[in-house]
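Here is what Swiss-Prot says about this protein:
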type: BINDING; residues: Glu91, Asp113, Leu115; note: Mg(2+) 1 binding site
type: BINDING; residues: Asp113, Asp116, Glu280; note: Mg(2+) 2 binding site
type: BINDING; residues: Asp116, Gly117, Ser118, Ser119, Asn208, Lys274; note: substrate binding site
Amino acid sequence: MTRISLTRYLVEEQRKHNTIEPELRLLIEVVARACKAISNAVSKGALAGVLGSAGTGNVQGETQQKLDVIANEVLLDANEWGGHLAAMASEEMDSFYEIPNRYPKGEYLLLFDPLDGSSNIDVNVSIGTIFSVLHMHKPGQTVTEHDFMQPGTQQVAAGYAVYGPQTTLVLTVGNGVHMFTLDREAGSFVLTQSDVMIPEDTKEFAINMSNMRHWAPPVRRYIDECLAGDEGPRGKNFNMRWIASMVADVHRILTRGGVFMYPWDKREPEKPGKLRLMYEANPMAFLVEQAGGAATNGQQRILDVEPTKLHQRVSVILGSKNEVERVTRYHQEDAAKA
């Protein structure tokens, strides 16, 4: 059977649907190459001296790991000179990075979390890179933060690479979700699963149970019902999974279903959530919806949230459609009582 490379897939998608512009195809290929380089760095670990803290912090106030910094630099260096981008934004940078004048500029904006789940780096658990692509409002003009302030519905592509037992690139350009596995011998990503679909129902949930006492009542209600199992109102037993790496948890959900929850909690009531809207929640919500799932912040569809700042946070509930709709309904019922 003929193996389909990422490049061939993108070319054939353009022929079939006429939705992938040549510049977007080249941009996705550059991001994929950067993910290969990050995968190589991750796989070397202690051999290359890349484990441990970098001794610095990011704009979120989080301690940066050495691989956080390395992955961020790899993505910047790979993408700044190709002529496809006007600017980039990253979890690891205070502000956006405008393409220098010495390079040609394109009409796309690239946003990324260079290494999601970095608390897992030193313990050798799956981590990943998340990315999102937007169109510039007005190509050719000076980039401002306002150009990035687009709802998730405006994404033209999104994906992630998960660095685990295999390195897998998961991608959508608005025509379903497709998975590509890195063939290290050939040095290329090969299509290994097409048109991924998330089951509408599930018996698995992913949440950090240690935070239960801080959750809002709708989230506690949902989890309490899951924990009650076949003796409770749901009439079935649930399993809990939690990897503390959004990429790994979402990859499991895309593979076999489930619901992922990182909700608001009362420790920081002024913050609507922990995860970042622009380069974590939006790309993952795009992927999940393209795979037949749903993604909400409890009150509204994540892709409809209007961003107001680059590092905006949001509550995230995503995965199997019927479970996400149930949690959303619980939030609506709770709001109606207030």
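Glycine too: its Cβ is placed from the backbone N, Cα and C atoms.
These figures come from a predicted structure and were not determined experimentally.
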8 Å Cβ shell about Asp113, Asp116, Glu280 centroid, Mg(2+) 2 site members excluded:
Glu91, Phe112, Gly117, Gly128, Thr129, Ile130, Tyr160, Met246, Val247, Leu275, Arg276, Tyr279
Please list, in sequence order, every residue of the chain apart from Glu91, Asp113, Leu115 whose Cβ lies within 8 Å of the Cβ centroid of the Mg(2+) 1 site.
Asp68, Ala71, Asn72, Ser90, Glu92, Phe112, Pro114, Asp116, Ser118, Thr129, Ile130, Tyr279, Glu280
Please report the Cα separation of Glu91 (Mg(2+) 1 binding site) and Asp116 (Mg(2+) 2 binding site) in Å, rounded to an integer.
9
Taking the centre of the Cβ atoms of Asp116, Gly117, Ser118, Ser119, Asn208, Lys274 as the substrate site, the remaining residues of that chain with Cβ inside 8 Å are Asn120, Ala244, Ser245, Met246
I need the nearest neighbour of Glu280 (Mg(2+) 2 binding site) among the binding-site residues Asp113, Leu115, Gly117, Ser118, using C-alpha distances.
Asp113
Within 10 Å of its Cβ, which one of these binding-site residues (Ser118, Ser119, Asn208) has the largest number of other Cβ atoms?
Ser118
How far apart, in angstrom, are the most distant Cα atoms among the substrate-binding residues Asp116, Gly117, Ser118, Ser119, Asn208, Lys274?
16
Determine the Cβ neighbour count for Lys274 (substrate binding site): the number of other Cβ atoms within 10 Å of its Cβ.
19
